[in-house]
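Inspection log for the structure reproduced underneath, given as structure tokens.
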Amino acid sequence: MGKYLIRRLLWLIPVIIVVSGITFILMHSAPGGPWDRDTTARQVDQNTQRILNEYYGLDKPLWRQYVAYVIGDFNKQGKFVCGLVCGNLGPSYRMRGLTIQQILFMPPEGKNFLYSRFGYSMRLGVFALLFAVAIGIPAGVIAALKQNTIIDYVSLFIVTIGISVPNFVMALFLIILFASTLKWVNIVPRSWDEVSVWVLPTVILGFGTMARTARLMRGSMLEVMRMDYIRTARSKGLAERVVVLRHMIKNSLIPVVTILGPALAALVTGSFIIETMFGFPGMGRAYVTAIGQRDYSMIMGTTLIYAVLIALANLSVDIVYSFLDPRIRLD
Amino acid sequence: MPEILQVQGLETQFRTREGVIHAVNGVSFSLKEGETLGIVGESGCGKSVTVMSMLRLIPSPPGKVTAGKALFQGRDLLTMSDEEIRHIRGAQISMVFQDPMTSFNPVLTIGRQVSEPLEVHMGLNQKQAEDRVAEMLAKVGIPNPKDRLNNYPHQFSGGMRQRVMIAMALVCNPQILIADEPTTALDVTIQAQIVDLVKRLRDELGMAIIWITHDLGVIAGLADRMAVMYGGFIIETAPVRDLYGHPTHPYTIGLLGSLPRMDEAGSRRLVSIDGLPPVLLEKPTYCPFAPRCKYAVERCWHENPPLMQVSPDHYSACWVDTETGRERS
């Protein structure tokens, strides 16, 4: 197990190199640069741009910029500035004076880590996943147990909506319903300290995952229900409740766990549409903004954090697997 | 010996897209205490469905027991409440299934699974249950039973798993053990071991056994009495020596003719029964075996023969006396 973990974590290194390489190439293929402004606004003059480029090393050849980002480079004073290998995600070109790690992970004065941009996104993602699991798994189990009844059809209907309607459409619909028509909540909340304002983004973000979880759980249950060992369990005189809880659900969960790991990563990272719509102070919105502004190191840094999160989520799925299914051994 | 199980006129149907399958069509038999009954017949003849129906383990829908009684110690298993039959399953009547690979839950330990009947029916705590399980595993010939309680099914071989299956079925000392083709999925050498094991346990514990098989060779040395099934009917039933010595139903004669014999000099071609087993979409109004039968007479096509006594304790469902070739009156 320990060896396996170390090996999997070492695999992160080539993953990071490939992801950062591709991101770097794509980012620099896009026209424009960090100093460009709206054509209507006052432009940064050529001389200032030259000085800024020199200061940030953007005048150097691209390969050298890449090496500088990943490993590090000597700055103007001849001092070595360490890059990604030291955990330095680079300076932001737009929020000057701040590094990317400060922007993403540093909470406002007097608050804890959960109030950083990353913390906000993480909370929203975790809440959405909890919502998806808490509704999706029981819904799938009940639909399977009541197969071909009205309960099954209603849940299938909701599941189909959840899978086929994109979350930004769902978001608009629910905002119109709850914010404009019913006026239960503000469209953009004034403060994220209240619990009630989290409900809408959580539900919208988690809905698709909830639907996929329910559908997969239903299918998996239907398969397990027909297994010989379920008949064996009944032949031993176990109560139906025990047969379902002990013999069916644990076996049915195995395929569902497969999607939950990537789903968590996708929820923590993939919330930028929802974050933008609700004016949510998270990482996703910062990411989208950074892409528009060509804030190179911000784009690199955020992408890499996403990559690492997805890799870790998959790793944790494999670990949970080995607990659920004794036939799977990690080594 | 008193009878502990009487099945009367059992009928089971399955509703499918093609129509209603008449899997069991009025099966009656009885089982005495400590007796071993062998039920033989080819695949799809309704032998498994018969015993599953008794214990109400038929998946429903599509399956449904449409008629009959199954009296266990005078109480009808088919009409009692779910709660009541639950207390009989695994405690007084238990089952061993065909495929030991798929009949265990892959994610629970052997110890856990074997102890489940004890927890449900005897209310033992974990420690007591563990001791009993280890004792039972030792009895079925699992080496180092204490150490193997925490193993999972995939850590056992097929034969060992079937031993564990038998231990699990017998852990509550049931009066009836139903074995549904327990040796079919195993190697020939392992088959013999399992049969010997069951024989030894029967002599030790004294339970009655219903042993379902399509292999007449396996059951010969084990059963007291045999019932041959065809097309959802019992077509012949007799004490085991009588059935092997003097089969009277053309189907039974055909089945025995398809077996190789050790005591025959020279070589002989094994005989097979021509034709295919019946499709059970309609409840037959004629003898279901008639289309494949070389003895068939006019009457066989009009009337389905009931079980008729041919000698003491030997019953056969055939209009023709196969010894003389003449129609029975």
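Glycine is treated like the rest: Cβ placed from N, Cα and C.
Unlike curated records, TrEMBL annotations are generated automatically.
Sequence annotations record features per position, and here TrEMBL assigns transmembrane segment to A:9-27 (among others).
What TrEMBL lists as domain 'ABC transmembrane type-1' is A:118-321.
Residues or ranges marked as transmembrane segment in TrEMBL: A:124-145 (among others).
Taken from TrEMBL, the feature transmembrane segment covers A:157-178 (among others). If one looks beyond the transmembrane segment (A:157-178) by at least 6 residues along the same chain, the residues whose Cβ comes under 8 Å of a Cβ in the stretch are 139, 184-185, 187, 200-201, 203-205, 207-208, 210-212, 214-215, 273-274, 277-278.
With a threshold of 8 Å between CB atoms, the same-chain residues lying at least 6 positions outside the transmembrane segment (A:198-217) that come near it are 124-125, 127-133, 135-137, 139-141, 143-144, 155-156, 158-163, 167, 170-171, 174-175, 178-179, 185, 192, 252-253, 255-256, 259-260, 263, 266-267, 271, 274-275, 278, 280. If you look up TrEMBL, you'll see A:198-217 (among others) marked as transmembrane segment.
When Cβ-Cβ distances below 8 Å are used as the criterion, the transmembrane segment (A:253-274) is approached by residues 121-122, 124-126, 128-129, 132-133, 137, 140, 167-168, 171, 201, 204-206, 209, 212-213, 216-217, 220, 280, 282-285, 287-288, 306, 309-310, 312-314, 316-317, 320-321, 324-325 of the same chain, each at least six residues removed from its ends. The feature transmembrane segment is assigned by TrEMBL to A:253-274 (among others).
Annotation comment: TrEMBL describes A:304-324 (among others) as transmembrane segment.
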